[in-house]
Amino acid sequence: MIRSSLVLLLAAITPVGGFYLPGVNPQSFGDGDPVKLKVNKMTSHQTLMPVDYYRLPFCQPVDGVNVDNENLGEFLAGDRIKSSPYRLNMKEEMYCEQLCSTNLGRGEQRGVSPNKVVRAIRKEYHNNWIVDNLSAASKVEDDTTITTRYWQGFPVGFVATDTKKAYVHNHVNIEIMYHPVETETDKYRVVRFTVEPFSIKHDFEPLEDDDNLNGDDDGADTSNYQVAKINNPIASCDPSRGSKVHTDYAMITAPDREAQIASGPALFTYDVTWKENDELHWASRWDIYLSMDNAIPAKVHWLSIANSLVIVFVLSAMIAAILVRNLRRDFARYNKLATDEEKAEDLEEFGWKLVHADVFRPPSFSPLLLSVACGTGAQILCMSFLTIIFSAMGFLSPANRGALLMAELLLYVMMGGVAGYVTARLYKTFKGKAWQRATTCTALGFPGIAFLMFFTLDVLAISQKSTDAVPFTTMIVLLVLWFGISTPLVFFGAYFGYKQDAIEFPVNTSSIPRQIPDQPWFMGIPFTLAIGGILPFGACFVELYFILASVWMDQYYYVFGFLLLVYFILIVTCAEITVLFCYFQLCGENYHWWWRSFCTAGSTALYVFLYSFVYFKQLEANSLATYLLYFGYMGLVSLGLLCMTGFIGVASSLAFNKTIFSSIKID
């Protein structure tokens with residue numbers, strides 16, 4: 001058992017290699033076979049509102065735009081994958097192929113609202129293209145360097161530093177690497193997809209004969225597809241050249257060339273280059289994306305874990321030095337038989353033993369709310385643990401878009417029985433009578449807040465014409481998951497929870513509450529919340545940064561082995577700091593530890609929410625919709641984290657108190 005656990009742990013912390021589940025079959029292409037290029041939503045880290053690709057006046061397929069079948073996770077993530085007019089055929093080179101000519105809108109003028117393309121460029125929107133389920137990498141070239149980035153797609157255009165005007169990328173160099181299939185003859189698989197965008201002003205005249213506009217969609221002959229005659233073309237677009245050449249940076253930046261301004265008529269063109277790569281196999285093609293080409297070395301995550309372990313070791317040393325030593329002394333003093341002289345002197349006892357008749361008294365403020373919060377926290381704890389485990393083992397492949405989000409949603413729904421059971425056991429222990437109300441609040445409380453937030457932000461997304469706006473049918477699916485699966489499971493778990501006996505305590509509770517003496521300032525709520533939350537937050541804030549970058553900056557996060565270790569460290573840190581403060585609180589003869597333990601560990605969520613303000617500065621957002629979207633979801637995440645860490649605090653303090661009070665003799 002120990003050996004298998006070590007193997008699982010080592011497999012989890014090993015850097016993730018190419019891995020695909022059974023059922024994710026590779027697609028092989030023969031010479032000349034069409035390779036579909038699809039377009040996805042356009043994203044911006046300024047607005048955080050993804051928009052549909054065809055919201056801008058880009059070229060569309062002749063036979064109309066076709067929408068891919070998408071799963072629930074893709075809909076919730078805002079993905080809208082659609083067909084494109086780009087024609088690619090396996091191993092067929094293309095040189096300045098014409099796509100279409102379109103009018104981008106009115107020019108930029110003071111006092112006049114800019115067109116859609118200009119607004120998208122100034123908001124730094126990026127295109128996200130897909131070939132064979134592989135996301136496009138972006139290649140950027142200047143006079144000295146060539147940089148390839150494997151996240152965030154490639155920009156729609158750019159704003160010139162001198163003229164301050166927006167220019168559109170109307171030409172792209174599409175570079176596709178392929179690997180020969182060893183088990184099939186003359187078959188190839190796509191292993192890399194890179195796009196290098198350029199902006200070039202084509203001096204063109206539309207062709208009067210539109211017969212060519214219908215094109216050949218079967219890929220039989222795409223080399224002569226033309227929609228315009230280019231006057232004074234660049235070398236790659238010149239049909240009179242004897243030898244064809246691909247578009248490069250030198251052609252675009254030649255002294256007699258200009259960039260295409262994001263207004264008026266524009267001609268869209270593209271090159272296609274095919275390169276064979278014998279070393280890169282299909283199963284490993286996602287590796288460079290997940291590692292983001294080593295933009296974030298593994299050393300950073302190891303340093304983060306080392307920092308977290310230092311915090312855990314310091315806390316453990318404090319517990320060993322304070323709790324263990326003091327508890328041994330307390331046990332010896334409380335369990336010692338009093339001598340006749342001590343009885344005659346009637347020495348007054350002091351310390352946590354004095355509150356033995358009150359320590360397990362139900363919380364004075366809303367036992368129902370505490371039970372519901374702990375039940376919700378247990379549900380989120382189980383959901384997050386299983387999600388990280390499945391991800392670390394490779395079951396949630398990035399090739400299956402939306403799988404991670406869908407797994408989180410379904411696991412949360414399936415853990416409804418855990419929430420009902422924990423709520424019922426605690427509420428029965430607190431001698432609560434409104435069992436139906438407690439169960440109903442568990443089933444409708446946090447999910448209701450989440451759905452209300454989601455619905456409000458969905459209305460906001462609709463007003464912004466964003467792809468984040470989910471269709472009505474998706475809303476129905478979410479309601480079915482909530483009321484058809486989660487809610488019955490909550491009541492099912494609560495049924496078994498109420499059938500169980502209440503939690504047994506080692507000491508009895510008196511009928512008259514003991515008066516609590518005045519507490520020192522450092523045992524007040526503000527101080528305990530400040531110290532109780534900063535240590536768990538400090539143990540995980542580095543991984544939190546990368547997770548926020550994957551959510552809001554469209555970066556990849558797939559180091560779930562590191563995340564699993566940090567997750568365990570977070571749980572241990574929350575438990576240790578809560579137990580430490582609970583002991584100090586009981587020594588001060590303050591037995592109101594239920595809510596204090598919940599808030600001590602739960603204050604980690606407060607630091608996460610405050611940190612979200614710091615991280616928000618990186619997004620360069622300046623619209624009200626972006627503020628509402630970002631802080632709305634970050635507030636919801638912080639609320640869920642409050643319930644999860646609060647439950648850890650209550651559970652650890654309860655176990656600690658039961659242990660120490662069962663170890664002493666009570667007269």
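Glycine is no exception: its Cβ is also placed from the backbone N, Cα and C atoms.
Here the structure is a predicted model, which means the values were calculated and not measured.
Copied over from TrEMBL, here are the features:
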type	residues	note
SIGNAL	1-18	signal peptide
TRANSMEM	302-324	transmembrane segment
TRANSMEM	368-396	transmembrane segment
TRANSMEM	402-422	transmembrane segment
TRANSMEM	443-463	transmembrane segment
TRANSMEM	475-498	transmembrane segment
TRANSMEM	521-548	transmembrane segment
TRANSMEM	560-586	transmembrane segment
TRANSMEM	593-616	transmembrane segment
TRANSMEM	628-656	transmembrane segment
Would the transmembrane segment (475-498) count as touching the transmembrane segment (560-586), if touching means at least three Cβ pairs under 8 Å and pairs must be 6 or more apart in sequence?
no
Which of 302-324, 443-463, 521-548, 560-586, 593-616 shares the most C-beta pairs under 8 angstroms with the transmembrane segment (368-396)?
560-586
Stretch winning on C-beta pairs under 8 A with the transmembrane segment (302-324) (pool: 443-463, 521-548, 560-586, 593-616) is 560-586
Can you work out which residues elsewhere in the same chain, 6+ from the ends of the transmembrane segment (560-586), have a Cβ less than 8 Å from its Cβ atoms?
11-16, 298, 301-302, 304-305, 308-309, 311-312, 315-316, 318-319, 322-323, 326-327, 352, 355, 359, 384-385, 388-389, 391-392, 523, 528, 531-532, 535-536, 539-540, 543, 547, 592-593, 596-597, 600-601, 604, 645, 648-649, 651-653, 656-657
